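Undergrad: Swiss-Prot feature annotations, pasted as is:
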| type | residues | note |
| --- | --- | --- |
| BINDING | Arg27, Glu92, Lys131, Lys463 | (6S)-5-formyl-5,6,7,8-tetrahydrofolate binding site |
| DOMAIN | 234-386 | domain 'TrmE-type G' |
| BINDING | Asn244, Thr263, Val265, Thr268 | K(+) binding site |
| BINDING | 244-249, 263-269, 288-291 | GTP binding site |
| BINDING | Ser248, Thr269 | Mg(2+) binding site |
Amino acid sequence: MNYQSYSDTICAISSGNNINQPISIIRISGKNAQSIVSKIFSGKVGENKTITYGFIKENSEIVDEVLVSWFLGEPQGDITVYNNYVGEPLIEINAHGGMIVTNKILELLISNGARLAEPGEFTRRAFLNGKLDLSKADAIHNLIMSKTRLQARNEASKLKGSASKVIKDLLKELSLLIGSIEVGIDYPEYIDDYEEDLKANSKEDINLTRINKLIARLEKIVKSSETALNYFEGIKLAIVGKPNVGKSSLLNTMLKEDKAIVTNVAGTTRDIVEGIYYLDNFIFKIIDTAGIRKTRQEIEKIGIERSYKAILDADIVLHLFDNLNSEDEFDLDIKKIVQENNKNYIKVVNKSDLKSDIKWSDDFIKISAKNNDIKNLEDHLLKIYSGFDFNSEDIFATARQIKLFKESLEYAYAAREEIKNQLTYITAIVDLNNLFDTLQLIIGNSNREDLLDEMFKNFCLGK
């Protein structure tokens with residue numbers, strides 16, 4: 001991303017682009033923020049952390065009646081301390097909503113010396129000014145973009161620095177390990193005595209203990225983070241079964257809309273239909289698949305092949321049965337594929353409102369999609385997924401963070417083998433230093449511009 005200058009004064013609409021919103025906020029940040037706003041604001045220039053009333057004017061014409069919040073910093077000796085979000089002079093104009101007036105104020109700020117901010121530039125400046133690290137910036141972005149209350153709660157908990165503390169604790173443990181190994185490099189005579197003592201007392205190498213402890217924590221973080229990210233983005237649920245068991249009816253009931261064709265003709269769903277299903281604090285990406293059976297129609301064969309692929313891609317497979325028809329070879333085929341691929345699997349009997357002579361065992365969940373009676377299914381789904389600890393400090397639920405943790409693990413695995421097999425300690429130090437640097441990237445202790453560009457490009461314009 002080509003930022004023109006970090007010393008420029010920037011501005012942007014921070015309240016979104018809803019044309020009918022009652023109030024809008026225009027944010028201005030930079031060393032010339034006060035002088036630029038003063039050119040278009042008729043009210044009093046406020047002191048730091050005050051709000052003043054007045055009018056935005058273009059020449060003598062009133063554009064809007066506004067409140068202006070001033071965050072101009074406090075002199076402390078020879079420096080000015082900025083206790084605000086960005087860490088530099090910051091002003092926010094609270095105007096009446098509507099894009100005509102809001103854009104006019106933005107236009108006046110730009111014509112008087114400000115420039116339009118890049119996406120995420122306010123937060124980028126906050127990072128560069130030491131007001132936050134990248135783990136907190138990640139939390140802010142994820143909080144804004146949260147799709148469920150669980151996700152929002154998890155990200156909000158990181159605003160006090162819990163994610164940063166996890167990384168710093170890991171770095172502290174890693175520093176002890178690196179220091180211990182470096183002693184062995186610089187003073188090998190002590191290591192010989194140390195290893196003889198280990199053999200005599202059958203004690204595990206303290207360095208091996210430390211790297212194993214570090215690896216266990218990293219593995220836990222990766223597992224928790226991948227699970228959480230999957231839940232936050234949407235759990236993929238494939239509805240599979242023979243034709244005409246009610247898969248499309250169930251999909252429509254869950255989505256509360258007619259997404260799929262529902263008829264009495266078997267095989268009418270020939271492609272995969274997707275929809276988003278919200279259940280309490282969980283998001284499910286529902287996939288309604290073509291019924292699995294023998295067919296001579298080429299187009300239906302393609303749909304059935306896609307159904308098998310949907311099973312492989314799903315996080316959980318909902319195998320739907322018809323209350324009037326017992327299991328057969330096609331149901332067994334589905335069950336076999338699910339078991340071979342170690343998928344979460346639930347068996348659901350539809351049309352429970354119809355009388356049947358079939359005795360279904362207790363592990364079958366009974367519903368009636370046609371009558372919108374799916375509470376048993378919903379309760380079961382919540383039981384499966386509600387046990388996960390969404391408040392864990394080990395959750396770092398962005399693709400960027402997970403990628404860096406996985407890279408860290410690879411360096412840790414390599415270092416462990418070098419320590420375990422008593423290879424040269426110098427090689428272990430190289431991998432451990434790479435591990436240290438990779439963990440530092442998670443909180444942003446790096447001068448890499450490409451890392452910052454990738455980090456902030458997805459932020460909204462006024463953040």
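Placed from the backbone N, Cα and C atoms, the Cβ positions cover glycine too.
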Undergrad: Rank the binding-site residues Arg27, Lys131, Lys247 by the number of other Cβ atoms within 10 Å of each Cβ and report the first-ranked residue.
TA: Lys247
Undergrad: Within 10 Å of the Cβ of Ser248 (Mg(2+) binding site), how many other Cβ atoms can you find? Include all protein chains, please.
TA: 23
Undergrad: Rounded to the nearest angstrom, how far is the Cα of Asn244 (K(+) binding site) from the Cα of Lys131 ((6S)-5-formyl-5,6,7,8-tetrahydrofolate binding site)?
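TA: Distance (Cα to Cα, whole Å): 59 Å.
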Undergrad: With DSSP assignments reduced to helix, strand and coil, which class does Arg27 ((6S)-5-formyl-5,6,7,8-tetrahydrofolate binding site) get?
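TA: Arg27 ((6S)-5-formyl-5,6,7,8-tetrahydrofolate binding site) sits in a strand per DSSP.
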Undergrad: Tell me, what is the mean pLDDT of the domain 'TrmE-type G' (234-386)?
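TA: Here the mean pLDDT over the domain 'TrmE-type G' (234-386) amounts to 78.
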Undergrad: My understanding is the cutoff is Cβ-Cβ under 8 Å with a sequence separation of 6 or more in the same chain; which residues meet that for Glu92 ((6S)-5-formyl-5,6,7,8-tetrahydrofolate binding site)?
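TA: The answer is Ser14, Ile25, Ile26, Arg27, Ile28, Val68, Ser69, Phe71.
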Undergrad: So how many other Cβ atoms are close to Asn244 (K(+) binding site), meaning within 10 Å of its Cβ?
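TA: There are 20 of them.
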